[in-house]
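Q: Annotations for this protein, taken from TrEMBL, read as follows:
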BINDING   108, 182, 207, 237, 241  substrate binding site
BINDING   273, 274, 275, 276, 277, 278, 294, 397  NAD(+) binding site
COMPBIAS  17-36  compositional bias 'Low complexity'
DOMAIN    242-403  domain 'S-adenosyl-L-homocysteine hydrolase NAD binding'
REGION    1-56  region 'Disordered'
């Protein structure tokens with residue numbers, strides 16, 4: 001008879017009857033946040049607040065934290081010089097005058113710099129959060145104080161999340177004509193609930209794998225009635241934000257939540273796209289033993305050449321100390337696989353959506369949820385086995401830590417230029433389809449960031465430009481060119 005080892009359990013576990021949405025209200029990043037006070041459990045929806053200008057067209061945790069948020073924004077501006085440079089160059093022209101932008105992104109100090117840049121360029125903005133855990137409450141307060149109608153706070157429930165989106169879109173005397181989205185939830189809501197607003201929009205800018213996928217689905221079905229810009233697959237977004245940002249933030253998020261030592265740990269990374277490549281590089285550099293799962297033979301071959309073993313998750317799940325998803329898909333880690341994990345296995349997601357890990361299946365009577373610290377839950381099986389779930393399966397880096405400001409400057413500059421391009425494009429340039437950012441703009445975004453490194457570009461001579469068939473000022477690569485990133489695993 002096989003006697004299974006009974007792991008020690010702890011009295012006073014969190015019962016399942018305490019709703020997950022309730023527990024999310026006291027969840028906040030270990031990053032400094034002045035406004036996350038556990039002594040204020042009142043929902044922002046139940047508060048009456050006004051900024052110093054008398055406006056109450058916002059809903060944030062605590063408007064009194066605006067001063068702290070302003071300091072955070074000012075710190076972010078120091079490492080976002082390219083975006084500030086764009087703001088200074090274009091604010092005289094006001095290229096977004098008349099633009100009414102409704103946005104759904106992470107609300108952090110870095111995105112606040114983007115939002116305030118759009119306002120400086122002439123836009124009116126209403127904003128909400130694309131993730132219930134990533135909002136920096138003091139930054140949301142600072143935006144509300146400055147006059148931006150922002151509806152977001154850290155630890156929203158699912159109902160709060162959709163309420164905030166609706167408040168951004170549905171307001172008297174104001175109709176959005178541009179959408180900036182991260183994940184596709186805002187676009188989906190406007191398409192379903194406000195079709196007249198959707199049809200009259202000048203354009204959509206989307207920055208995530210998940211959101212872009214949803215746009216292509218609409219386009220394929222013939223239901224996309226406005227032009228959309230796929231920022232996610234622009235070179236400056238994919239090669240810098242997705243790879244270099246995740247290479248650093250994966251470690252930050254894991255360390256802040258678990259204090260785990262990576263040396264010698266068995267790790268499986270599900271997905272070897274740009275995000276997966278960044279995660280694998282960082283983990284291997286610290287001595288973790290990393291393998292990957294992939295559906296794409298090209299990405300799988302890249303993984304093999306980079307020194308990673310390509311496996312099926314079921315083959316290795318029992319041995320893994322850490323499971324990371326970054327595919328953008330659903331049910332990548334199933335309940336059956338969660339049942340087979342060993343005691344103490346850490347499970348987290350680096351993709352945009354919370355669909356990759358089957359968290360819903362863990363909310364069952366036979367399992368106990370125990371909140372250990374902010375954004376860290378122990379899921380306890382009847383035999384005492386514990387699996388460590390981070391951020392309830394939501395995006396790890398922005399839920400549990402922060403991300404490098406400089407990389408976000410690259411993405412934010414790309415988003416700003418995409419909005420300017422779509423809003424000012426002459427009629428007929430863009431049809432009802434999904435487009436990539438023009439190559440010339442990608443190069444311009446990169447050039448704005450080179451001064452940070454005191455980098456000096458070589459210029460082509462007339463003879464060289466003629467020989468290569470190029471314009472001396474670019475673009476320097478054809479649209480089909482693939483910018484390969486060298487992944488250093490030493």
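Every residue, even glycine, has its Cβ placed from backbone N, Cα and C.
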Q: What is the one among the binding-site residues 207, 294 whose Cβ has the most other Cβ atoms less than or equal to 10 Å away?
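A: Of 207, 294, the one with the most crowded Cβ is 207.
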Q: Express the distance between the Cα positions of residue 273 (NAD(+) binding site) and residue 237 (substrate binding site) as a whole number of Å.
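A: Counting only the Cα atoms, the answer is 13 Å.
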Q: Rounded to an integer, what is the Cα-Cα distance in Å between residue 276 (NAD(+) binding site) and residue 241 (substrate binding site)?
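A: Here the two Cα atoms are 12 Å apart.
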Q: Using Cα coordinates, what distance in whole Å links residue 277 (NAD(+) binding site) and residue 241 (substrate binding site)?
A: 12
Q: Closest of the binding-site residues to residue 108 (substrate binding site), Cα to Cα, picking from 275, 278, 294, 397?
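A: For residue 108 (substrate binding site), the spatially nearest of the binding-site residues is 397.
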Q: Listed binding-site residues are 182, 207, 241; which of them have CA atoms within 10 A of the CA of residue 275 (NAD(+) binding site)?
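A: Candidates kept after distance check: 241.
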Q: Tally every other Cβ atom lying within 10 Å of the Cβ atom of residue 273 (NAD(+) binding site).
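A: Around the Cβ of residue 273 (NAD(+) binding site), 20 other Cβ atoms lie within 10 Å.
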Q: Can you give me the Cα-Cα distance between residue 294 (NAD(+) binding site) and residue 182 (substrate binding site) in Å, rounded to a whole number?
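A: Cα of residue 294 (NAD(+) binding site) to Cα of residue 182 (substrate binding site) measures 24 Å after rounding.
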Q: Mind giving me a neighbour count for residue 241 (substrate binding site)? Other Cβ atoms within 10 Å of its Cβ, every protein chain shown.
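A: The answer is 26.
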Q: What is the interatomic distance between the Cα atoms of residue 397 (NAD(+) binding site) and residue 182 (substrate binding site), given in whole Å?
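A: The Cα atom of residue 397 (NAD(+) binding site) is 15 Å away from the Cα atom of residue 182 (substrate binding site).
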Q: What mean pLDDT score does the domain 'S-adenosyl-L-homocysteine hydrolase NAD binding' (242-403) have in the model?
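A: Here the predicted model's pLDDT, averaged over the domain 'S-adenosyl-L-homocysteine hydrolase NAD binding' (242-403), is 94.
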Q: Under 8 Å Cβ to Cβ from residue 278 (NAD(+) binding site), same chain, six or more residues apart: give me those in sequence order, or none if nothing qualifies.
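A: Those within reach of residue 278 (NAD(+) binding site), by Cβ under 8 Å and sequence separation of 6 or more, are 242, 243, 244, 245, 246, 247, 248, 250.
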Q: Within 10 Å of the Cβ of residue 276 (NAD(+) binding site), how many other Cβ atoms can be counted across all chains shown?
A: 29
Q: Return only the integer: C-alpha distance in Å from residue 274 (NAD(+) binding site) to residue 241 (substrate binding site).
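A: Checking the Cα atoms of residue 274 (NAD(+) binding site) and residue 241 (substrate binding site) gives a distance of 9 Å.
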